[in-house]
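Enquirer: Copying in the features that TrEMBL gives for the protein in this structure:
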- 24-45: transmembrane segment (TRANSMEM)
- 39-285: domain 'G-protein coupled receptors family 1 profile' (DOMAIN)
- 57-76: transmembrane segment (TRANSMEM)
- 96-118: transmembrane segment (TRANSMEM)
- 138-160: transmembrane segment (TRANSMEM)
- 201-223: transmembrane segment (TRANSMEM)
- 235-256: transmembrane segment (TRANSMEM)
- 268-287: transmembrane segment (TRANSMEM)
Amino acid sequence: MHLNNNVTEFILLGLTQDPVRKKIVFVIFSFFYLGTLMGNLLIIITIKTSRALGSPMYFFLFYLSLSDTCLSTSIAPRVMVDALSIRTTISFSECIIQVFSCHYFGCLEIFILILMAVDRYVAICKPLHYMTIMSRRVCSVLVAVAWVGSCVHSSAQIFLALRLPFCGPNEIDHYFCDLEPLLKLACTDTYMTNLLLVSNSGAICTVSFVVLMFSYVIILHSLRHHSAEGRTKALSTCISHIIVVILFFGPCVFIYTRPATTFPMDKMIAVFYTIGTPLLNPLIYTLRNAEVKNAMRKLWSKKLVSDDRR
(Lines of atoms letter the chains of each structure in order from A and count residues from 1; the text may use other names and numbers.)
(Lines give C-alpha, C1' and ligand atoms only; values in the text may rest on other atoms or scores of the structure.)
Protein backbone atom coordinates (compact mmCIF):
# COMPACT_ATOMS: atom_id res chain seq x y z
CA MET A 1 0.00 0.00 0.00
CA HIS A 2 1.29 3.44 -0.94
CA LEU A 3 1.12 6.39 1.45
CA ASN A 4 1.52 10.06 0.65
CA ASN A 5 5.21 10.65 -0.02
CA ASN A 6 5.92 14.38 0.12
CA VAL A 7 2.49 15.93 0.59
CA THR A 8 1.40 16.46 4.22
CA GLU A 9 -1.35 18.97 3.49
CA PHE A 10 -3.60 20.10 0.67
CA ILE A 11 -4.83 23.52 -0.41
CA LEU A 12 -8.58 23.67 -1.02
CA LEU A 13 -9.24 26.17 -3.83
CA GLY A 14 -12.91 26.36 -2.82
CA LEU A 15 -15.75 27.68 -4.92
CA THR A 16 -13.93 30.94 -5.69
CA GLN A 17 -10.68 32.77 -4.99
CA ASP A 18 -12.22 36.25 -5.23
CA PRO A 19 -12.33 37.90 -1.74
CA VAL A 20 -15.76 39.48 -2.29
CA ARG A 21 -17.29 36.28 -3.64
CA LYS A 22 -15.75 34.32 -0.74
CA LYS A 23 -17.74 36.53 1.66
CA ILE A 24 -20.89 35.77 -0.35
CA VAL A 25 -20.07 32.05 -0.11
CA PHE A 26 -19.73 32.45 3.68
CA VAL A 27 -23.15 34.12 3.98
CA ILE A 28 -24.89 31.55 1.74
CA PHE A 29 -23.34 28.53 3.47
CA SER A 30 -24.04 30.02 6.91
CA PHE A 31 -27.70 30.50 5.98
CA PHE A 32 -27.99 27.01 4.45
CA TYR A 33 -26.19 25.30 7.33
CA LEU A 34 -28.19 27.09 10.03
CA GLY A 35 -31.42 26.25 8.19
CA THR A 36 -30.32 22.61 7.85
CA LEU A 37 -29.51 22.33 11.57
CA MET A 38 -32.73 23.99 12.69
CA GLY A 39 -34.97 22.05 10.27
CA ASN A 40 -33.47 18.61 10.85
CA LEU A 41 -33.05 18.99 14.61
CA LEU A 42 -36.69 20.11 14.84
CA ILE A 43 -37.75 16.92 13.03
CA ILE A 44 -35.49 14.78 15.26
CA ILE A 45 -36.88 16.36 18.47
CA THR A 46 -40.49 16.18 17.21
CA ILE A 47 -40.26 12.48 16.31
CA LYS A 48 -38.51 11.63 19.60
CA THR A 49 -41.09 13.46 21.76
CA SER A 50 -44.32 12.76 19.85
CA ARG A 51 -46.26 9.54 20.46
CA ALA A 52 -48.28 10.15 17.28
CA LEU A 53 -45.11 9.71 15.17
CA GLY A 54 -44.27 6.19 16.25
CA SER A 55 -44.74 4.44 12.90
CA PRO A 56 -41.78 2.96 10.95
CA MET A 57 -41.94 5.80 8.39
CA TYR A 58 -41.05 8.35 11.09
CA PHE A 59 -38.49 5.98 12.61
CA PHE A 60 -36.67 6.08 9.25
CA LEU A 61 -37.30 9.84 8.86
CA PHE A 62 -35.51 10.35 12.18
CA TYR A 63 -32.38 8.69 10.78
CA LEU A 64 -32.70 10.54 7.46
CA SER A 65 -32.66 13.86 9.34
CA LEU A 66 -29.73 12.65 11.43
CA SER A 67 -27.72 11.68 8.33
CA ASP A 68 -28.60 15.03 6.68
CA THR A 69 -27.35 16.91 9.75
CA CYS A 70 -24.10 14.91 9.89
CA LEU A 71 -23.49 15.18 6.12
CA SER A 72 -23.80 18.98 6.24
CA THR A 73 -21.68 19.19 9.39
CA SER A 74 -18.87 17.24 7.72
CA ILE A 75 -18.64 19.90 4.98
CA ALA A 76 -20.30 23.27 5.72
CA PRO A 77 -18.33 24.47 8.81
CA ARG A 78 -15.02 23.88 6.99
CA VAL A 79 -16.26 25.79 3.91
CA MET A 80 -17.39 28.68 6.11
CA VAL A 81 -14.00 28.89 7.87
CA ASP A 82 -12.14 28.67 4.55
CA ALA A 83 -14.29 31.45 3.08
CA LEU A 84 -12.93 33.81 5.75
CA SER A 85 -9.33 32.55 5.58
CA ILE A 86 -6.52 33.66 3.31
CA ARG A 87 -4.72 30.30 3.37
CA THR A 88 -7.17 27.40 3.02
CA THR A 89 -5.06 24.35 3.87
CA ILE A 90 -6.23 20.97 5.13
CA SER A 91 -3.92 18.28 6.49
CA PHE A 92 -3.69 14.88 4.81
CA SER A 93 -5.35 13.12 7.76
CA GLU A 94 -8.16 15.71 7.96
CA CYS A 95 -8.73 15.29 4.23
CA ILE A 96 -9.01 11.50 4.59
CA ILE A 97 -11.43 11.90 7.52
CA GLN A 98 -13.59 14.23 5.41
CA VAL A 99 -13.64 11.74 2.52
CA PHE A 100 -14.78 9.04 4.97
CA SER A 101 -17.44 11.15 6.72
CA CYS A 102 -18.94 12.55 3.49
CA HIS A 103 -19.28 9.12 1.92
CA TYR A 104 -20.42 7.53 5.18
CA PHE A 105 -23.36 9.87 5.77
CA GLY A 106 -24.11 10.24 2.07
CA CYS A 107 -24.31 6.45 1.69
CA LEU A 108 -26.36 6.20 4.90
CA GLU A 109 -28.86 8.63 3.41
CA ILE A 110 -29.13 6.45 0.28
CA PHE A 111 -29.82 3.33 2.35
CA ILE A 112 -32.37 5.15 4.55
CA LEU A 113 -34.21 6.39 1.45
CA ILE A 114 -34.35 2.76 0.23
CA LEU A 115 -35.75 1.65 3.61
CA MET A 116 -38.39 4.40 3.42
CA ALA A 117 -39.41 3.12 -0.02
CA VAL A 118 -39.64 -0.44 1.37
CA ASP A 119 -41.79 0.87 4.22
CA ARG A 120 -44.19 2.63 1.81
CA TYR A 121 -44.36 -0.47 -0.40
CA VAL A 122 -45.34 -2.71 2.53
CA ALA A 123 -47.79 -0.11 3.92
CA ILE A 124 -49.60 0.34 0.60
CA CYS A 125 -49.25 -3.08 -1.06
CA LYS A 126 -49.37 -5.33 2.07
CA PRO A 127 -51.45 -3.28 4.55
CA LEU A 128 -52.78 -6.29 6.53
CA HIS A 129 -49.27 -7.55 7.29
CA TYR A 130 -47.67 -4.10 7.71
CA MET A 131 -47.14 -4.09 11.49
CA THR A 132 -45.88 -7.68 11.44
CA ILE A 133 -43.37 -7.14 8.63
CA MET A 134 -42.24 -3.66 9.69
CA SER A 135 -41.98 -4.28 13.43
CA ARG A 136 -39.70 -2.05 15.51
CA ARG A 137 -37.18 -4.91 15.82
CA VAL A 138 -37.07 -5.40 12.04
CA CYS A 139 -36.72 -1.64 11.46
CA SER A 140 -33.88 -1.42 13.99
CA VAL A 141 -32.04 -4.30 12.30
CA LEU A 142 -32.51 -2.68 8.86
CA VAL A 143 -31.09 0.63 10.13
CA ALA A 144 -28.15 -1.20 11.73
CA VAL A 145 -27.46 -2.91 8.38
CA ALA A 146 -27.59 0.54 6.71
CA TRP A 147 -24.96 1.86 9.18
CA VAL A 148 -22.69 -1.14 8.59
CA GLY A 149 -23.15 -0.96 4.79
CA SER A 150 -22.22 2.74 4.84
CA CYS A 151 -19.10 1.94 6.87
CA VAL A 152 -18.05 -0.72 4.32
CA HIS A 153 -18.55 1.72 1.42
CA SER A 154 -16.63 4.54 3.16
CA SER A 155 -13.81 2.19 4.16
CA ALA A 156 -13.45 1.22 0.50
CA GLN A 157 -13.09 4.92 -0.39
CA ILE A 158 -10.39 5.36 2.25
CA PHE A 159 -8.59 2.24 1.02
CA LEU A 160 -8.52 3.73 -2.51
CA ALA A 161 -7.35 7.13 -1.22
CA LEU A 162 -4.52 5.67 0.89
CA ARG A 163 -3.19 3.73 -2.10
CA LEU A 164 -2.60 6.99 -4.00
CA PRO A 165 0.97 8.41 -3.89
CA PHE A 166 1.12 12.24 -3.65
CA CYS A 167 4.52 13.66 -4.44
CA GLY A 168 4.04 17.15 -5.89
CA PRO A 169 0.86 19.13 -6.65
CA ASN A 170 -1.33 19.70 -3.59
CA GLU A 171 -4.04 22.12 -4.79
CA ILE A 172 -7.51 20.50 -4.70
CA ASP A 173 -9.86 22.23 -7.14
CA HIS A 174 -12.87 21.75 -4.87
CA TYR A 175 -14.37 23.08 -1.63
CA PHE A 176 -14.07 19.74 0.20
CA CYS A 177 -11.98 16.59 0.01
CA ASP A 178 -13.36 13.87 -2.23
CA LEU A 179 -11.75 10.99 -4.06
CA GLU A 180 -12.43 12.38 -7.53
CA PRO A 181 -10.37 15.63 -7.13
CA LEU A 182 -7.68 13.73 -5.19
CA LEU A 183 -7.14 11.42 -8.17
CA LYS A 184 -5.97 14.42 -10.22
CA LEU A 185 -3.13 15.07 -7.78
CA ALA A 186 -1.81 11.51 -7.59
CA CYS A 187 1.53 10.96 -9.31
CA THR A 188 0.57 7.61 -10.77
CA ASP A 189 -1.81 6.13 -13.31
CA THR A 190 -5.29 6.31 -11.74
CA TYR A 191 -7.25 4.44 -14.42
CA MET A 192 -7.96 1.40 -12.23
CA THR A 193 -8.74 3.57 -9.19
CA ASN A 194 -11.21 5.53 -11.29
CA LEU A 195 -12.79 2.30 -12.44
CA LEU A 196 -13.15 1.13 -8.83
CA LEU A 197 -14.58 4.52 -7.85
CA VAL A 198 -17.25 4.34 -10.56
CA SER A 199 -18.06 0.71 -9.70
CA ASN A 200 -18.35 1.60 -5.99
CA SER A 201 -19.93 5.06 -5.60
CA GLY A 202 -21.35 5.19 -9.12
CA ALA A 203 -22.98 1.76 -8.88
CA ILE A 204 -24.50 2.50 -5.45
CA CYS A 205 -26.02 5.77 -6.72
CA THR A 206 -27.30 4.43 -10.04
CA VAL A 207 -28.64 1.05 -8.86
CA SER A 208 -30.28 2.64 -5.80
CA PHE A 209 -31.90 5.36 -7.91
CA VAL A 210 -33.28 2.85 -10.44
CA VAL A 211 -34.57 0.54 -7.68
CA LEU A 212 -36.20 3.44 -5.84
CA MET A 213 -37.93 4.85 -8.92
CA PHE A 214 -39.09 1.38 -9.97
CA SER A 215 -40.48 0.70 -6.48
CA TYR A 216 -42.41 3.98 -6.46
CA VAL A 217 -43.85 3.18 -9.90
CA ILE A 218 -45.16 -0.12 -8.44
CA ILE A 219 -46.52 1.69 -5.38
CA LEU A 220 -48.29 4.37 -7.45
CA HIS A 221 -49.70 1.69 -9.76
CA SER A 222 -51.14 -0.23 -6.79
CA LEU A 223 -52.93 2.89 -5.49
CA ARG A 224 -55.66 2.35 -8.09
CA HIS A 225 -57.24 -0.25 -5.79
CA HIS A 226 -57.42 2.09 -2.77
CA SER A 227 -60.20 4.42 -1.67
CA ALA A 228 -60.09 8.08 -2.73
CA GLU A 229 -59.08 9.24 0.78
CA GLY A 230 -56.41 6.55 1.18
CA ARG A 231 -55.12 7.21 -2.31
CA THR A 232 -54.76 10.96 -1.65
CA LYS A 233 -52.86 10.45 1.62
CA ALA A 234 -50.56 7.78 0.17
CA LEU A 235 -49.96 9.83 -2.97
CA SER A 236 -48.97 12.90 -0.92
CA THR A 237 -46.44 10.85 1.10
CA CYS A 238 -45.00 9.11 -1.98
CA ILE A 239 -44.64 12.37 -3.92
CA SER A 240 -42.62 13.83 -1.00
CA HIS A 241 -40.33 10.80 -1.09
CA ILE A 242 -39.95 10.91 -4.88
CA ILE A 243 -39.02 14.63 -4.79
CA VAL A 244 -36.31 13.93 -2.18
CA VAL A 245 -34.98 10.95 -4.18
CA ILE A 246 -34.71 12.97 -7.41
CA LEU A 247 -33.10 15.99 -5.68
CA PHE A 248 -30.47 13.83 -3.97
CA PHE A 249 -29.74 11.19 -6.60
CA GLY A 250 -29.74 13.45 -9.68
CA PRO A 251 -26.51 15.28 -8.72
CA CYS A 252 -24.93 12.14 -7.19
CA VAL A 253 -25.42 10.09 -10.35
CA PHE A 254 -24.03 12.98 -12.44
CA ILE A 255 -20.88 13.27 -10.29
CA TYR A 256 -20.02 9.65 -9.49
CA THR A 257 -20.96 7.66 -12.60
CA ARG A 258 -18.54 9.40 -14.96
CA PRO A 259 -14.98 8.32 -15.74
CA ALA A 260 -12.03 10.64 -15.03
CA THR A 261 -13.61 13.78 -16.45
CA THR A 262 -14.56 16.97 -14.63
CA PHE A 263 -16.74 19.89 -15.65
CA PRO A 264 -16.77 23.49 -14.35
CA MET A 265 -20.30 22.92 -13.02
CA ASP A 266 -19.26 19.96 -10.83
CA LYS A 267 -18.63 22.09 -7.74
CA MET A 268 -22.00 23.81 -7.97
CA ILE A 269 -23.77 20.47 -8.46
CA ALA A 270 -21.91 19.12 -5.40
CA VAL A 271 -23.22 22.09 -3.40
CA PHE A 272 -26.73 20.97 -4.24
CA TYR A 273 -26.50 17.47 -2.78
CA THR A 274 -24.12 18.27 0.11
CA ILE A 275 -25.80 21.45 1.38
CA GLY A 276 -29.00 22.07 -0.62
CA THR A 277 -30.76 18.71 -0.23
CA PRO A 278 -30.23 18.47 3.57
CA LEU A 279 -31.88 21.91 3.85
CA LEU A 280 -34.80 21.03 1.55
CA ASN A 281 -35.58 17.61 3.05
CA PRO A 282 -37.14 18.97 6.31
CA LEU A 283 -39.18 21.50 4.32
CA ILE A 284 -40.47 18.82 1.92
CA TYR A 285 -41.40 16.39 4.69
CA THR A 286 -43.03 18.98 6.97
CA LEU A 287 -44.91 21.06 4.39
CA ARG A 288 -46.45 17.98 2.76
CA ASN A 289 -47.11 15.98 5.94
CA ALA A 290 -50.05 16.91 8.17
CA GLU A 291 -49.00 14.50 10.98
CA VAL A 292 -45.55 16.08 11.32
CA LYS A 293 -47.03 19.61 11.25
CA ASN A 294 -49.59 18.71 13.94
CA ALA A 295 -46.89 17.13 16.11
CA MET A 296 -44.75 20.26 15.73
CA ARG A 297 -47.70 22.47 16.73
CA LYS A 298 -48.29 20.35 19.85
CA LEU A 299 -44.58 20.50 20.72
CA TRP A 300 -44.62 24.30 20.30
CA SER A 301 -47.83 24.71 22.35
CA LYS A 302 -46.33 22.57 25.16
CA LYS A 303 -43.26 24.83 25.16
CA LEU A 304 -45.44 27.96 25.35
CA VAL A 305 -47.47 26.50 28.25
CA SER A 306 -44.29 25.54 30.17
CA ASP A 307 -42.87 29.06 29.56
CA ASP A 308 -46.09 30.67 30.85
CA ARG A 309 -45.99 28.58 34.04
CA ARG A 310 -42.53 29.88 34.80
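Cβ from N, Cα, C; glycine included.
For the listed features, I'd like the structural context: burial, neighbours, distances.
Expert: Residues 29, 32-33, 36-37, 40-41, 43-44, 47-48, 98, 101-102, 105-106, 108-109, 112-113, 115-116, 119-120, 123, 136, 139, 143, 146, 175-176, 237, 274-275, 277-279, 281-282, 285, 291-292 of the same chain lie 6 or more positions beyond the ends of the transmembrane segment (57-76) yet place their CB under 8 Å from a CB of it.
Under 8 Å from some Cβ of the transmembrane segment (138-160) lie the Cβ atoms of residues 56, 59-60, 63, 96, 99-101, 103-105, 107-108, 111-112, 115, 118, 179, 193, 196-197, 200-201, 204, all in the same chain and six or more residues away from its ends.
Within the chain, the transmembrane segment (201-223) has long-range Cβ neighbours (under 8 A, six or more residues past its boundaries) at 103, 107, 110, 113-114, 117-118, 120-121, 124-125, 153, 157, 179, 231, 234-235, 238, 241-242, 245, 249, 252-253, 256-258.
Within the same chain, residues 57, 106, 109-110, 113, 116-117, 120, 124, 180, 197-198, 201-202, 205-206, 208-209, 212-213, 216, 219-220, 223, 266, 269-270, 272-273, 276-277, 280-281, 284-285, 288-289 sit at least 6 positions outside the transmembrane segment (235-256) and bring their C-beta atoms closer than 8 Å to a C-beta of that stretch.
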Enquirer: Residue list, the transmembrane segment (24-45) vs rest of chain: Cβ under 8 Å, 6 or more residues beyond ends.
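Expert: Same-chain contacts beyond the flanks: 14-16, 61-62, 65-66, 68-69, 72, 76-77, 79-80, 83-84, 275-276, 278-279, 281-283, 285-286, 292, 296, 299.
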